[in-house]
Amino acid sequence: MLKETVDGLNIKPDGVYVDVTFGGGGHSKEILSRLGPEGKLFGFDQDEDAWENALPDERFTLIQENFRYIKRFLRFNGIKKVDGILADLGVSSHQFDVPERGFSTRFDAELDMRMSKKNDLTAFNIVNEYDETNLRRIFAEYGELGNALAIARAIIEAREKEKIVNTEDLKQVLARFLPNNKAHKILAQIYQSIRIEVNQEMDVLKEFLEQSLEVLDQGGRLSVISYHSLEDRLVKRFMKNGLFEGEPEKDFFGRFEVPFKLIGKMIIPSNQEIKINNRARSAKLRIAEKK
């Protein structure tokens, strides 16, 4: 959905744009191709590996920071308002495909899952040090698993005998919760739970969305791709109401005062795109314009 996501920004040739999930640089390249010589693009990525993809273009600045700090680092670069922000949430293909990062269920690797090596908390810490209450919380809240308590207890029971060091160890501990017909799906939910906790993904997303309102100029666009229901729920609510919970205030005439105008309906990838990139199957694109 690269074209649709960048189309959603309604790019002005001399505008200022932000790609907060630079990754391999695909979206940034497309944005730059539509900008004129006076346009500017800022990329954010906390992953040190992403710097290998930095683009040699004087209109482009790559900021090696988490996008939860978008306002601070745009200000640091002399930017108070922007015309569009793009976010492609979740784990990049590179992160999934490098075994030692520990993101994928396909490889045996140390339990890491950090999107930045600067972060102290790893998947190993969570699996081996979190108590039953917190393990249950992340599996129930972030994995939406009905048997979260049983999974938490199984992990604690296993680690009392020996540390759970790598992904293969974790799979063995979880084996009884992985029926053949659903093993991949359930394991993915458990991995997702741990990864979200390691990287504080829900808190980061909330902070980013709130700051997007502050840095977007009037008429500026927000284009966001999410990959699971937790992310999409937050994005949908925020774009609709400017809030994560509750209802917005009403004006004198009883109309809800909302900061965004929704642009079109939610977009999902075509069957053709899913055939080319199976990881896109759960993607949902939402676009909004600041009033």
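Using the three backbone atoms N, Cα and C, a Cβ is placed for every residue, glycine included.
Sequence-distant neighbours of GLY25 (S-adenosyl-L-methionine binding site) (same chain, 6+ residues apart, CB-CB distance under 8 A): GLY43, ASN53, ALA54, LEU55. In the three-state DSSP classification, GLY25 (S-adenosyl-L-methionine binding site) falls within coil. Under the heading S-adenosyl-L-methionine binding site, Swiss-Prot lists GLY25, GLY26, HIS27, ASP45, PHE73, ASP88, GLN95.
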Residues that sit under 8 angstroms from ASP45 (S-adenosyl-L-methionine binding site) by C-beta distance, when 6+ apart in the chain: THR21, PHE22, GLY23, TRP51, LEU62, ILE63, GLN64
